[in-house]
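K.L.:
Summarising the annotation, Swiss-Prot assigns compositional bias 'Polar residues' to 447-463, 846-855. Residues or ranges marked as compositional bias 'Low complexity' in Swiss-Prot: 478-493, 619-650, 818-837. What Swiss-Prot records for 34-84 is domain 'bHLH'. Annotated domain 'PAS 1' per Swiss-Prot: 107-177, in sequence order. Look at Swiss-Prot and you will find 262-332 tagged as domain 'PAS 2'. Residues annotated as region 'Interaction with NR3C1' in Swiss-Prot, with experimental evidence given as evidence: 371-854. Annotated region 'Interaction with SIRT1' per Swiss-Prot: 450-570, in sequence order. Taken from Swiss-Prot, the feature motif 'Nuclear localization signal' applies to 32-47.
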C-alpha cells in the first residue's frame, strides 16, 4: 500500500515534467516563428526597395526602351558615371582661369570681348581644306556669311600662289603617324601662319580683293570631344561615315586681321525685328527717342535730341537716304532703303525705317515725322542689293541641305560657336545674359585705308554665274513700276501680257521652284497695284464727267435766258442811259458785279496788224465797294430803242483778257473814249493818244458814239461790251438773242469799213486832232455843249479786279452808225438785205453769278 502511493506520486511527477517540457518546446517554436516572420518581412521590404531603386535608375538611362535586368542597369550606370567623370575633368581643364578675366564676366562674354579685341573669328578646317565651321564674326570682317564658307574648301578663298604653302602646313602632321597622341594634341601641335583671304562683295562682278590675315590654332582630334557634349554635332555626321571620320583631326584656329579696325560693324541680329521709334522735325532733327533705342544704338534720349539724323549715317548711304526723304516729303509716308547707323560704341548697324508725316489738327500744317526703325542683318541687305542687281541669291537652306549628301563624309554644318570652342577644348555656350556683349562684339568690315594688305586680282577673272533671265525680269518689273506711276490712265489689260510673259518664261538651270514662284508673286503684286491705280483713275474720270454734266446743265439754264437793252437817245448822239437785263418776266434792278470770261479776236482780222495786243485791251479800273452799290437803282426808260444783238460763232481767238467786266454808273475817273471807226491802212496815226493818271484812254476819231451803261444783275455768263477798236459791232454770247432779231438792229462790219475808206485821209487827221484836244471828264455833259461838234461815241466801262486767271472779256463790236439808223422799224423796212450774221463767240467757262461777291 505504501508502494502504491509512492508510485502514484512518481507518476504524477513524471507527467508534470513532460508537460513542462512540451510547453517549453512550444514556446520556443513560437519565438522562432515570430523571428522568422519579422525577418522575412524585413527582407521583402529590402528587396522591394532595391527593385524600386533599380527601376528608377533604369528609367534614367538613355538610349534603351527595352526592359533591362538589374545587372544591365548597374553596368550602364557605371559607364555613365565614368563618362561624366571624364567630361568633368575636361571641363575643368578647359575652364578659363579666373585670373584671366574679371569675375563679373562670364566665359561667353569674355570670349566675345576677346574676339572683338583681336578682330578675328573662329575657323575649323579639315586637313584636306574643307571648312566645317566658321563663326558669325566673319561677316563683319570679310563680308562673308557663314553659309558661304561652310562646306567649301579654304583654297577657294586663298590666292592660287599660296595654295601649296597652306596645303603643306595643314598636312604636316600626317607625316608623323605616331604624333596623334593625347600629349601631342595638347602641347606640341600649335600652329601659326599668315596668308590672304578673299573679301566678299555684294556684286560678284566686282574685282576680287584679298585681306591679309593670321591663323593661330591647334590640331584637334574629333574623338577628344565626348558624345554627350556634341550638342547635336554627331547627328550631322552620317553613321556610315562616322568611323572613318572619328579617326581624323581638324585644325581649329583664330583668324585675325593684320590691319586693326577702328569702326566696327555689327552685321548679325540676335533677335529678329528689333525696332525702336523716334520723332524728327522737318529738318530731320531728333525730337523724341523711345525707351527701346538705348539697348540698340547705345544713346540715351538726351544725347541725341536736337542733333541731325544725318550725323549718324554712313557716308555711302547719304545719297540714297536723301532720295528716300525727298519721296517722303512728296507723298507724306514711305519706307527707307537699308542704311548704316553709327552707335555710341562706334559700330555700324543696319537699319530700315518706316516713316510718315503728322499734321496739325487745326491748321493742317506738317508738324513732325514719326519713324519706326527696324534692325536688319547683313544677309538681308546683301540679298536685297543682289536682287536689285538681278543676281540670284542662294537660299540659306541650300547650304544646310548639302550636309545631307551621302557622297561626302566631311561636310559638317555646325551651327554654334560652342562646337568650335569644344573642338578647341573649350565648352562655353552663349547665354541670354550676354546679349549686350554680343552686340558690341561684332567687328567691322575692313577699312579701305588698309589697301596695302589687299591684293586685287585681274578683272578678267570670270565672276560668279548669275541668271540673265532673272535680271531681265527685274528690269521688266522696274519698267512696269515706272509706267504705273507715270501713266494717267492704265487699263487692267496692261498687266495681262506681263503675267503671261512671266508665266511663259523658261526656268533657267539652277533656279529653284521657290524662286520662280516668288517672282510670280512679285508680278502678281505689281498687277494688283496697276489694277488699283486703274480703278482710281476711272473714279476720277467719272467724277470729272459728273462735274462736266453739271456745268452743261448750268449753261443750258443760262442760254434759256434773254437780255434786253434800252438805249436812251440824246441830241448830238446816242446816250445809253440804262441797260435793262431781263430773265423771264422779272426785272432785277439790284446792282451786282458780273463775272464773265471771254477772249479777244485778233486785231489782224479787222485791221492791218499795226496795233499791238496791249493797245487792243482796255485798261481796267478798280471799282470801289461802297454802300451805294448795295442800294437799288431804277432803270431809266426814255426815248430808247430795244435792241437784240446777234451772236458770233467760234473763231480764232488770241490775246485773252484776264479780268472781269462790271458795268457801272458813270464816274468822272472812269471814262474811256473808243473810236467808232479807225483807218485800216494808216500807219502814221497813233491809236492811243492820251493816257492820264485818271486811267482814261482817249482814241482820236471823228464820229463817236456816247454810251452809258448802268450795272444790273445778269443771270447769264458773259456780256459783250461795244468796242469799235476791234470789230465794229456789239456782239453777245446768248443764242436766245437771235430770236429777237426781228426787233433788233444789226450792223455789219463791211459798212463801217466802207465808210472809213470813203472818208478822206485829211478829214480823218482833222478828226483825230480835234478828238485829242477834247477832254471830257464825264458823259453827263449837257447836250448843248456837243451841238457844234460831230457826234462822238463814248464807252464807259469798269471792270472788277480779281485773281481768277481764266476769266476773260470779249471786246468784239461797236456801234458805228448814228442814231438815225437805230430805229427798228426803219431798219426792218429799208435795210433788210444789209443784215449780216457774224460768227458766234463762245466763252471758255462761265462764273456762277451766285458766287460773285459785290465789290
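Even glycines carry a Cβ here, placed using N, Cα and C.
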K.L.:
Could you tell me how many residues in the domain 'PAS 2' (262-332) are helical, how many are strand and how many are coil under DSSP?
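P.N.:
Counting residues by DSSP class gives 29 helix, 16 strand, 26 coil.
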K.L.:
If we skip the immediate neighbours and take only residues 6+ beyond the ends of the motif 'Nuclear localization signal' (32-47), which ones have a Cβ under 8 Å from one of its Cβ atoms?
P.N.:
none
K.L.:
Compute the average pLDDT of the predicted model within the domain 'PAS 1' (107-177).
P.N.:
81
K.L.:
Work out, from DSSP, the number of helix, strand and coil residues along the domain 'PAS 1' (107-177).
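P.N.:
Here the numbers are 41 helix, 13 strand, 17 coil.
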